[in-house]
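Taken verbatim from TrEMBL:
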- H95: active site, electrophile (ACT_SITE)
- E167: active site, proton acceptor (ACT_SITE)
- N9, W10, K11, G173, S213, G234, G235: substrate binding site (BINDING)
- S213: phosphoserine (MOD_RES)
Amino acid sequence: MRKNVIAGNWKMNKTLSEANQFVEEVAAKAPSNEQVEVIVCAPFPFLASLVEKAKGSSVKIGAQNMHYEDNGAFTGEVSPVMLNDLGVTHVVIGHSERREYFAETSETVNKKTHAAFSHDLTPIVCVGETLEQREANETMNHVESQVRKALEGLSDEQVADTIIAYEPIWAIGTGKTATSDQANEVCTHIRNVIKDVTSNETAEKVIIQYGGSVKPANVDELLAKSDIDGALVGGASLETASFLKLVEAGTK
Ligand SMILES: O=C(CO)COP(=O)(O)O
């Protein structure tokens, strides 16, 4: 049985002291349970401190983006080498907000996914359709092409270790969650695409998360679905109480 990966994506929120307090509390209270993996994806300036706070606990610290080069003249950017050196273990790649506001493309997502594996970071690759695409019945084709491009050139072992987050853009921060059936339908399609790219055996290992207005009230239903193995959570990951409820749901 695949585990559930519950990842908070704080986006551009919190101060350092708020971030430290949050991780201290979650590190103390999160259950050490084989069925759930807990990740907090925080803004860059907090990462070094949060890695220290999470030490000795089951909580892992992730970044929300990175460059694909190791170093160089890229003012303002952060490299995979830097993240790995800090003790960061995961990195969100290709979030729809990065694709929309910061010109992230499927090509750069693929480069970053390769770069993550070159530096021992687990990529959490985000895919998902807009409302217009859903209404035009383009969801499956769109998500399929994002997944195929993101995984291009990876070994089967690397694909098995990639986390995919299906986040329909119309459900992000809107309070509109995809129904658990809608979410699972796309997650199943993603797994079938991965089967086609690799093998049944590899595809069965891949963690596929759902993201988009996940909260304590709807998480159980989502996690109960056959191809949903966790959640990538924005708003409900900002308070320890709701985040810990999501983590608890992941232990079942
Ligand atoms: O974008 C998301 C996580 O990456 C989802 O955000 P919300 O949970 O706030 O809808």
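Placement of Cβ uses the backbone N, Cα and C atoms for every residue, glycine included.
Where TrEMBL records a feature, it is marked here on the structure.
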residue	record	Cβ neighbours (10 Å)
N9	substrate binding site	26
W10	substrate binding site	21
K11	substrate binding site	19
H95	active site, electrophile	28
E167	active site, proton acceptor	28
G173	substrate binding site	12
S213	substrate binding site	21
G234	substrate binding site	21
G235	substrate binding site	18
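On a Cα basis, N9 (substrate binding site) lies 10 Å away from the residue listed as 'active site, electrophile'. Among the binding-site residues W10, K11, G173, G234, the ones whose Cβ sits under 6 Å from an atom of ligand 1 are, in sequence order, G173, G234. Across the structure, N9 (substrate binding site) and E167 (active site, proton acceptor) place their CA atoms 12 angstrom apart.
Pairwise Cα distances among N9, W10, K11, G173, S213, G234, G235, the recorded substrate-binding residues, top out at 14 Å.
N9 (substrate binding site) falls within a strand when secondary structure is assigned with DSSP. Other than N9, W10, K11, G173, S213, G234, G235, the residues of this chain whose Cβ falls within 8 Å of the Cβ centroid of the substrate site are, in sequence order, I172, V233, A236, S237, L238.
Between W10 (substrate binding site) and E167 (active site, proton acceptor), the C-alpha separation comes to 15 Å.
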